[in-house]
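Straight from TrEMBL, the features:
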BINDING   Lys149, Glu233, His268  ATP binding site
BINDING   Asp580, Lys749, His779, His781  Mn(2+) binding site
BINDING   Arg652, Thr914  substrate binding site
DOMAIN    33-484  domain 'Biotin carboxylation'
DOMAIN    571-840  domain 'Pyruvate carboxyltransferase'
MOD_RES   Lys749  N6-carboxylysine
Amino acid sequence: MLARASRRASAAGRAKEASKAARFASIVSKPAPFNKVMAANRGEIALRIMRGATELGCQTLGIYAHEDRFSPHRFKADESFMIGKGLSPVGAYLSIPDIVELAKQHDVGAVHPGYGFLSENANFADALSREGITFVGPPGDTLRRWGDKTMARQAAEAAGVQVIPGSEGPVRTLDDAKAFAAEAGYPVIVKAAHGGGGRGMRVVRSEEEMESAFTRASSEAAAAFGDGTVFLEKFVERPRHIEVQILADSQGNVVHLFDRDCSVQRRHQKVVEMAPALHLPAATREAILRDAVHLAEVTRYENAGTAEFLVDTSDGKHYFLEMNPRVQVEHTVTEAVTGRDIVQSQIQIAAGASLHELGLKQKDIHTVGFAMQCRLTTEDPSANFAPDSGIISVYRSANGPGVRIDEGPGFTGATITPHYDSLLAKVTAHAADFDASRRKMIRALREFRVRGVTTNKQYLIGLLSDEDFASGPVTTRFIEEHPELLDARAERERNRGERLTRYLAQVTVNGPEPTLGATGHPPAAADPILPTLPLPTTPGAPQPPPPSLYSIYKSKGPEAFARAVRASKATLITDTTTRDAHQSLLATRLRTRDILAAMPAMRAAMPNAYSFENWGGATFDVAMRFLRECPWERLSAMREAVPDVPFQMLLRGANGVGYTSYPDNAVHKFCDVAVRSGMDVFRVFDSLNYLPNLQLGMDAVGQAGGIVEAALCYTGDVTNPVQGRYDLDYFLGLARDLVEHGTHVLCVKDMAGLLRPEAATLLIGALRKEFPNTPIHVHTHDTAGTGVASMLAASRAGADAVDAAFDAMSGMTSQPSLGAIVAGLQGTERDTGLDLASLAPVNEYWEGLRQVYAPFESGQLSGSSDVFIHEMPGGQLTNLQFQSRQNNLADRWPDLKRAYAAANRILGDIPKVTPSSKVCGDLAQFMITNDLSEQEVVERAESLSFPSSVVEYLQGYLGVPPYGFPEPFRSRVLKGRTLPSGKTHFEGRPGAELEPLDFEEVEADLRKRFGERITEQDVMSAVMYPSVFADWSDFVAKYGDVSVIPTRQFVSPMRVGEEVAFEIEKGKTLIAKLKFVGEMDDSGQREVVMELNGEVRTARVLDEKHGAGRAVVARPKADKANPAHVASPMFGACVDVKVAVGDTVEVGQPIAVLSAMKMESVITATRRGEVTDVFVLVGETLNAGDLVANIKPAA
């Protein structure tokens, strides 16, 4: 019964085969050359073979390794079968017995090997021939002649074709290699005797390089071709690589399909190929074509082949290089310009057709136009072209007139493995001439979208756009001589949708970053209403008195600005909504996109404002640290939105915008860059009112061309003689010093809201009387609820400008209400000139927006008059409330306020403003956490582990407080502690003792770590906040520019079905929709499925709360900033470890060898020293950035 069933199945199979054959025969009028053609390859060339065979009426059969079971070439074949069970991914395609047996079993008439793998293996051709199966290519003897590069040289010499001087035969030992090089002279090139494609090739320029190059070339050749034999040639330094496509039949007829230029190469692998060769002298072209045909004729060549030549640009001579007895990767450009199908010609010639029968006569073959091909690969140009692997989340190909795409393994959802060649697709552009073809290629590449793996797309676009390439022709040294093309960071930066989706997925699973502090109520569901107001110059709008303060400053300078301010009858307003107000109320969490939305209306409502305070201080730090934005980009965008109102920032004197002292040249450079980036008014203050620090900041601003607004940091109460220290004489004395040093504007900076109305009248009146020509600007906080009264009093006493915030962002720890001040002065001689009706729409926007920022509200419901006791600055009061909740001290908030007052006394009763206020706050929290009284802190000072900010304050890092350091507290704390200089503390201004910064060195270090696209502004960010900048840069590399994401989705998880749209640049909008969040898998990850502009995107996100325990332990990562760390440059398997713990290594000495995509890469030592750790074993798989070894520097 089983036998009968088997016979029935066999009969059914034969009937099915007959049906297929009949169907395919109907496609063409001529008989099919073979009933069935096997594509014994993978990827794009397998697809190319199948398409060509199908058009000829042949059935197709594909083969695939287990690792390729989802590759497109498997599904494009009429039949496909897995091969190589138990073999390596590459070994499967090299298994001659398996492939021949499969061909026999399935009635294959011909096998096309494509290129690579077995395409030049004579044993394969012979094995097929013995079974009566046709090998589509030259016969075995021809393959042996041309596949062995040494035999090929001998054949060329016998035919009278000139060759490059080289070894007479295979070079089997290192000594023989060195002997040849010594005789021929360096440089030489080591080449695989079998195979091609740039595998097994190394240029050697000195004897010291020979051992490594010889070993690697042999090993790589063995891995790629199954034969590690190599030979050597003299290396021609600046050649063009020209090749000729030939076709030959079994009757001895040979034609050429003209030439190709393949000079643009990397690692001897072609990157861009062109046909015909550009600007090749006619005589040279004719000679090369003649030599190629002659060589094929005298050697009785058969089928398709490519004769390769080097043209020495120094003398124009050409040399035969090799004959590739197979179809070339770049055959598409020849097909484009000649209109001849090379793959079909191969199949037909293999079936016995003559060139005449195929209509291939030399006189009838011509070229039309110009074509070029680029290879789109999964390689990272910025990491020395390390192959990448992973899952393709988006794959969108190019198309259009004159563009041909030969696609390989790429599609959305495809897994790119490290086992094979990195070729993703071949792009061929055909046009009338070279430049039109080049432009068409650039267009086609730009249409490609590949996400999930790194590609060389941007590198190719940069190469094609290069002026030297565009003016052509180029030599094989082109890429080597243009290292600037290797900056592919732009490609990663423009991979925007993928990275932003990854961030949205991360927030969906885990919520926002914990450090962001979005712990309050969820954001409001309604968006704020965007205000619209006509500009003052629009008909119907109030006209401002020209010229504006901004235009006066820009045209006549800071002194003219100061005179104009002083001459103003109106009380001028600085709006703090975009900086200090949200710092005080919302922990500085306002994002750039929400600020920019209000700018046009604010500009229209306040055209004659003294300034918009929008930068510096905590905003600089928080932008990078928590909001993941660039503060410089915020400044630039705001300046574009408001081109005619002065911008104002806080400069912490010698502390810049940081929390410590910097070298003097760092502060000067920062101010210079800030002015050139759009900043105008610099409120220069020092947290201790330390004059030398103030003077340094003033000098830096003045030399940069900015407006110097030097500040008196107010503390105490000038109306209370009992408080004593900070009386009227103290502030007048400090003011004299600042005016004498050249300040343009004098500022009273009341950080805590201690300036009561009576004190404002007294202090401002005294300053106005003594400095009648100097503008006075007053800043306060409304913590106790006295802010509006104090600002009205200051105005009446002679203040030229006061700070205020829009009503919805005012009050409590923020600035006084703008609307209340405007109304309070309305109709008086100090009327602000502002219109409450115009301010109202802007205020409504801020009111609505504040509800979106509900997660950051401090919970404060009213003012607090106890500020007159603890003297805590407004912004710090909000921050300390937030920190107390994070540190589980919320129930001790009243104690913390009392501890703050005690800490101030311990520290010597100092002005409290960032960073001195932070010192006071840190000490207060330290006291509460450790249950220490004021007396215990002083008495136990020698044994307590104080916060570093307290120690540094006492060491003088911030300068010297007005009445000196507290003793004996200071001496007790510093006992046994020293500065790097060996001193116990600084003697004066700390910056004066610091070495100047080398900005070029800083920039070079940043470029080394983060890529070439480092700007002058980035350098200053890194100088002010080194670790914060590094962390922000790493975040952006992973998630992109998240500032474009709406705030609601930035701070809270999306819901399934929720859709959000946001603009990533003008005219480009992304629409993201959350479709699905999966269950947690065994590794603790969840699959998040989203739609991005209608395309499905998936991301796997670790559930950090519930899945951390399930996560697979990752290999340690190298720290780019740690010179002791040696990192893996790419994904790959370790095939050799060259060192052991305790070894001494030199720079460049091999540490380990990786293999990926059939290419080996040597990981070398980056410093001289001793190997203290080795983190990899032979056979282990590494990812790019994995830690390989630690090297301790040599003594």
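A Cβ is built for glycine as well, from the same backbone N, Cα and C atoms used for every other residue.
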Within 10 Å of its Cβ, which one of these binding-site residues (His268, Arg652, Lys749, His781) has the largest number of other Cβ atoms?
His781
For the C-alpha pair, I'd like the distance in angstrom between His779 (Mn(2+) binding site) and Thr914 (substrate binding site), rounded off.
15
Which of these binding-site residues is closest to His268 (ATP binding site) if you go by CA atoms: Asp580, Arg652, His781?
Arg652
Tell me the Cβ neighbour count for Glu233 (ATP binding site), meaning other Cβ atoms within 10 Å of its Cβ, over all protein chains shown.
21
Using Cα positions only, nearest of the binding-site residues to His781 (Mn(2+) binding site) (Lys149, Glu233, Arg652, Thr914):
Thr914
In angstrom units, rounded to an integer, how far apart are the Cα atoms of Glu233 (ATP binding site) and Arg652 (substrate binding site)?
66
Return the maximum Cα to Cα distance in Å (whole number) over the record's ATP-binding residues: Lys149, Glu233, His268.
16
Let's check the environment of Lys149 (ATP binding site): how many other CB atoms sit within 10 Å of its CB?
25
Setting Lys149, Glu233, His268 aside, what same-chain residues sit with their Cβ within 8 Å of the center of the Cβ atoms that define the ATP site, listed in sequence order?
Gly166, Ile189, Val190, Lys191, Ala192, Met201, Phe231, Leu321, Glu322
Protein Cβ atoms within 10 Å of Thr914 (substrate binding site), excluding its own:
25
Could you state the CA-to-CA distance between Asp580 (Mn(2+) binding site) and Thr914 (substrate binding site) to the nearest Å?
12
Neighbour count (Cβ, 10 Å) for Asp580 (Mn(2+) binding site)
30
Lys749 (Mn(2+) binding site) versus Arg652 (substrate binding site) - Cα distance in angstrom:
12
Take the C-alpha atoms of Thr914 (substrate binding site) and Lys749 (Mn(2+) binding site) and report the distance between them in angstrom, rounded.
12
The rounded CA-CA distance in Å from Lys749 (Mn(2+) binding site) to Lys149 (ATP binding site) is 82
Packing count at His779 (Mn(2+) binding site) (other Cβ atoms within 10 Å of its Cβ):
28
